[in-house]
Amino acid sequence: MARKKIALIGAGQIGGTLAHLAGLKELGDIVLFDIAEGTPQGKALDLAESSPVDGFDAAYSGTQSYADIAGADVIIVTAGVPRKPGMSRDDLLGINLKVMDSVGQGIKQYAPDAFVICITNPLDAMVWALQKASGLPRNKIVGMAGVLDSARFRYFLAEEFKVSVEDVTAFVLGGHGDDMVPLARYSTVAGIPLTDLVKLGWTSQERLDAIIERTRKGGGEIVNLLKTGSAFYAPAASAIAMAESYLKDKRRVLPAAAHLTGQYGVNDVFVGVPIVIGANGVERIVEIELNEAEKAEFAKSVKAVEGLIEACKGINPAFA
Ligand code: APR
């Protein structure tokens, strides 16, 4: 059986890390695309030269031509600009919207059957724009945010409880912004909800609230430390988990920005909800029961995403 083909649009910090992880996990052959001449070619060669050491087989190539993504099974999009200290994800809107337009055209022309994972920020609005520009069916395009946000939440919780990260599950709903909704009721340590762990005295409500706040601001914390860009290891690992679920038909249940068409009372918006990812892409959108407070927080987060989508339509009426 021929190897799968993975195209990475954007060969920057996240793109390079994606290429490395995809190789190490032998997910397929990898094409790196970037407008910066030499960058994808250089990273492709460097990574290929690491393969004998780590003992994996994958063909790597770098390109400036969309024709080379033809036949890709999975495409992961990180093209665009990342945040600098003091910037919100929303500040990236104007520049990255143009990028989504050109990436969408490239995918439409050369790889319309791929499963596409968008990482470019502001995430929920950019994946919405990428779907419009590419015309991909809604089961074949998702945004990566929830796996990352819940990984941050899980890590902070594992530190708090001094238990393995493996035994902590966490759910984060809503947009990938400061209004995201980490759900304590649906987050657990080995199946025990956080709300029960507070009652059992494992932590206090105040400390849990502080962890939730740190999760919401998790991306900004890294931007402030790095100063020259934003997080890339955890975002790349998160998108690879989604790609792997698709390529191996694992049907993992993961939070991701999916195209809602009435679920949760939301229409034509991409926003973070639990989905099942399998060989058909988005196999299912899971509608969980929310209490009144959670509904209000989710609605606030959706409203923020809708505001960004309106701004996109204002910048480029072709998206309206
Ligand atoms: N087409 C292809 N590649 C592009 C385009 C374009 N139109 N415009 C920019 N790029 C490339 C840049 O040349 C750069 O190599 O996208 C790459 C982005 O890489 P980095 O600047 O290192 O950014 P990174 O940290 O990888 O983040 C990428 O993901 O998490 C989000 O907010 C983040 O939007 C940002 C994106």
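Every residue gets a Cβ built from N, Cα and C, even glycine.
Those TrEMBL annotations? Automatic predictions, nothing curated.
For the NAD(+) site, TrEMBL lists G10, A11, G12, Q13, I14, G15, N96, I119, T120, N121; matching the candidates D34, D73, D149 against that entry yields D34. Taking G10, N121, H176 as the recorded positions under consideration, the smallest Cα distance to R152 (substrate binding site) is found for H176. Take R83, R89, N121, R152, the residues named in the record as contacts for substrate: the widest Cα to Cα gap among them comes to 18 Å. A coil conformation is recorded for N121 (NAD(+) binding site) in the three-state DSSP classification, outside any helix or strand. Each of the binding-site residues G10, G12 was scored by the other Cβ atoms within 10 Å of its Cβ; the lowest score goes to G12. Only G12, I14, I119, N121, in sequence order, out of the recorded positions G12, I14, I119, N121, H176 have a CB under 6 Å from ligand 1.
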